[in-house]
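According to TrEMBL, the features are:
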TRANSMEM  69-94  transmembrane segment
DOMAIN    73-558  domain 'K+ potassium transporter integral membrane'
TRANSMEM  239-257  transmembrane segment
TRANSMEM  264-285  transmembrane segment
TRANSMEM  312-330  transmembrane segment
TRANSMEM  342-362  transmembrane segment
TRANSMEM  382-409  transmembrane segment
TRANSMEM  430-454  transmembrane segment
TRANSMEM  460-484  transmembrane segment
TRANSMEM  491-509  transmembrane segment
TRANSMEM  521-542  transmembrane segment
TRANSMEM  554-577  transmembrane segment
DOMAIN    571-807  domain 'K+ potassium transporter C-terminal'
TRANSMEM  597-615  transmembrane segment
Amino acid sequence: MGYVFLMIPKDGPVQRFYNVSEPMETSSKNEHSRKGAMWELERNLDQPMDAEAGRLRNMYREKTYPTILLLRLAFQSLGVVFGDLGTSPLYVFYNIFPHGIEDTEQVIGALSLIIYSLTLIPLVKYVFIVLRANDNGQGGTFALYSLLCRHAKINIIPNQHRTDQELTTYSRRIYEEKSLAAKIQRWLEGHQFRKNLILILVLFGTCMAVGDGILTPAISVLSATGGIQVEERRMRNDVVVIISVVILIGLFSMQHYGTDKVSWLFAPIVFVWFILIGILGAVNICKYDHSVLKAFNPVYVYRYFKRGKSSWTSLGGIMLSITGTEALFADLSYFPVQAIQIAFTVVVFPCLLLQYTGQAAFIAANTNQVSHAFYISLPAPILWPAFVVATAAAIVASQATISATYSIIKQALALGCFPRVKIIHTSKKYLGQIYSPDINWILMVFCIAVTAGFKNQSQIANAYGTAVIMVMLVTTFLMIPIMLLVWRSHWTLVVAFTVLSLLVEIPYFSAVVRKIDQGGWVPLVFAVGFLIIMYVWHYGTLKRYEFEMHSKVSMAWILGLGPSLGLVRVPGIGLVYTELASGVPHIFSHFITNLPAIHSTLVFVCVKYLPVYTVPPDERFLVKRIGPKNFHMFRCVARYGYKDIHKKDDDFEKLLFESLRLFVRLESMMEEYSDSDEYSTRELSLPNPRIRNGVTTTSTNNMELMSHDSIVPVNSHSNDTGSSQVMPASGQMAFQTVGDEIAFLNACRDAGVVHILGNTVIRARRDSGFIKKMAINYLYAFLRKICRENSAIFNVPHESLLNVGQVFYV
């Protein structure tokens with residue numbers, strides 16, 4: 001028997017190919033004799049099809065850019081990625097020496113630590129190593145987690161299908177049985193505790209990144225506006241705080257407009273800022289004390305620590321020089337890796353070294369002017385212009401961090417780790433620019449509370465440092481399995497990376513831990529709060545999914561009801577939304593046992609998110625038939641990545657019905673040209689044909705056909721005589737041609753579409769523990785009550801909505 005696969009190009013006629021066990025010439029003769037004239041068969045299909053598959057995959061992998069474009073992108077990345085790192089010189093030395101300076105060598109030792117911290121962490125670790133661990137250009141904690149989920153089965157919610165691995169963006173490696181990577185893969189997959197541990201680690205890093213989004217605007221704006229006190233020394237600190245709060249309120253209030261209209265200003269502002277601080281640093285080195293250049297000798301790091309306990313506690317201030325480094329990875333989605341590497345090595349790194357060295361030279365010559373040293377070292381004529389540029393740069397840095405927080409929340413929401421909040425896309429041109437009003441106002445309230453509550457840089461800096469170092473440690477620990485599983489690095493390289501990273505980060509961590517009571521507790525409180533919310537939401541989502549899986553309706557029960565399903569089939573189409581990617585949900589049995597009628601066509605719709613950054617539109621839908629043809633029941637799985645947009649209801653319906661019609665055509669063509677009336681449909685996988693287990697799969701432009709387990713009776717062609725009529729209300733009619741079924745589907749759609757949503761409520765059993773009862777009955781129930789309804793997420797109009805509720809106990 002030969003198996004058929006079809007390829008429907010974007011533009012052009014349908015072509016037919018065969019993959020057969022006997023010689024292709026013989027198959028061609030048989031088909032010509034039995035079916036008549038056919039398309040000309042190609043002798044060698046594997047090579048061109050593999051080439052097409054490779055071409056499609058490479059579309060979603062790392063791209064090469066012309067030099068001019070790369071330089072332009074590097075310039076633009078200054079405004080999005082490096083604002084936070086660039087504004088650090090405003091407050092670093094003040095937080096290193098809050099109680100004054102003993103001698104010049106102390107300044108040189110601190111400068112030496114700053115130089116080598118900038119070299120090892122931002123330059124070596126992030127720019128040249130961590131940035132390579134991107135998920136097709138996407139960065140951040142969840143990007144690392146998605147990479148791990150694809151290379152090891154550690155995803156807690158088991159809603160993936162083997163066809164998901166055939167996506168062009170679903171890249172993964174196959175390991176040899178005895179390799180180190182295979183052993184680590186089995187170890188990670190071997191116990192549920194390890195999967196939960198990785199999930200908690202990811203969630204904790206995400207929560208700390210959200211805390212970073214709260215603290216960055218507070219310390220950046222407060223430090224920039226503090227320059228007023230240099231010119232107006234009588235101005236009280238409360239006035240500076242009020243000015244900072246006003247700026248923050250304005251910043252958060254403008255978020256709903258998006259950054260598309262003003263983003264063109266970001267890069268020039270930050271570029272001018274870096275040039276300004278670089279020139280100022282060079283001038284100060286020549287003007288005050290060029291002996292600070294000795295700090296490039298690492299011996300002064302050793303001498304600095306020999307000074308005693310005070311040097312160790314000052315590490316919290318020194319660590320602020322590398323804050324903003326995590327933004328290099330979190331904001332990676334906007335620019336290619338090469339652009340960020342060029343911008344950092346050519347502009348950011350040299351200018352920061354010049355500024356810190358120049359500021360150290362000024363402080364060494366003026367030991368009593370550490371507070372606001374940046375502004376005091378400025379020549380009088382450029383003080384106010386520098387103040388304006390510094391404030392603008394601080395706002396840009398805050399904006400970048402706020403936008404990154406929105407992206408983090410969207411990723412967590414897509415992977416089922418955060419309650420459903422409203423996400424608005426503020427730009428039609430740049431899909432990554434989003435806004436969440438709920439998160440925005442929460443960030444604003446917390447940010448103002450931190451600014452007005454602490455009123456000084458030191459305590460905010462302690463809190464900020466705690467958040468940053470936690471994110472860095474999480475990244476280091478997640479990079480270990482990434483290097484072993486994804487990169488297949490030798491274990492010695494992994495050990496070297498881990499040791500060098502922890503050699504820098506552990507001392508900083510120990511320093512910020514000592515300052516928990518001096519403001520460092522703030523990000524921990526934020527992180528614990530968000531972590532509880534995210535984990536409880538994920539736990540409740542998992543329990544709901546497990547209930548759906550264990551209580552699926554059997555196909556035997558469906559077949560026993562007959563084509564009418566024991567009800568009156570009324571004209572129209574019912575879209576039954578479910579979280580199951582396979583099987584009939586329990587909510588359906590609840591529905592048909594309580595209502596007297598059901599729609600003539602039913603489509604079970606599962607919208608699921610995969611651990612990939614995007615699913616190409618032509619691979620979005622998987623469609624299959626449920627039961628015999630005269631049941632008129634289908635399944636449609638709509639697959640999204642964590643960066644994809646769920647389009648409006650009209651667009652979604654249009655794509656869904658196009659996929660449904662294409663499925664019917666493909667199924668009919670396979671049936672028509674099979675070797676016998678008794679046939680078995682094979683999986684047709686998009687968008688590039690492949691051969692799996694000797695069966696060739698297909699490529700289409702709009703959808704995937706997945707009907708390998710469809711129940712299709714023998715001789716399923718119509719036995720009726722005469723012409724077929726379109727009867728939307730009939731649940732038992734058969735079709736003579738594919739056109740009849742498509743006309744039937746069109747008539748059903750014209751009769752009306754109803755969206756049926758299941759509202760499953762979970763409750764803890766009476767014998768459950770106290771913590772479980774609190775988490776499920778109160779916290780999870782409260783989060784479901786205040787978060788957005790599924791109808792709003794799916795953009796379902798209220799006049800077409802039908803909610804079906806049920807309660808179950810876990």
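Each Cβ is built from the backbone N, Cα and C atoms, and glycine gets one as well.
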Checklist entry - Taking pairs 6 or more apart in sequence, does the count of Cβ pairs under 8 Å between the transmembrane segment (554-577) and the transmembrane segment (521-542) hit 3 or more? => result no
Next on the checklist: Does the structure show the transmembrane segment (342-362) and the transmembrane segment (491-509) touching, where I'm treating 3 or more Cβ pairs under 8 angstroms (sequence separation 6 or more) as a contact?
Outcome noted: no
Item to check | Leading contact stretch, 239-257, 312-330, 430-454, 597-615 vs the transmembrane segment (382-409) - CB distance under 8 Å | outcome: 430-454
Next on the checklist: Can you tell me which recorded stretch out of 69-94, 239-257, 264-285 has the most Cβ pairs within less than 8 Å of the transmembrane segment (430-454)?
Outcome noted: 239-257
Checklist outcome for this item: Across the domain 'K+ potassium transporter C-terminal' (571-807), the model's average pLDDT, rounded to a whole number, is 69
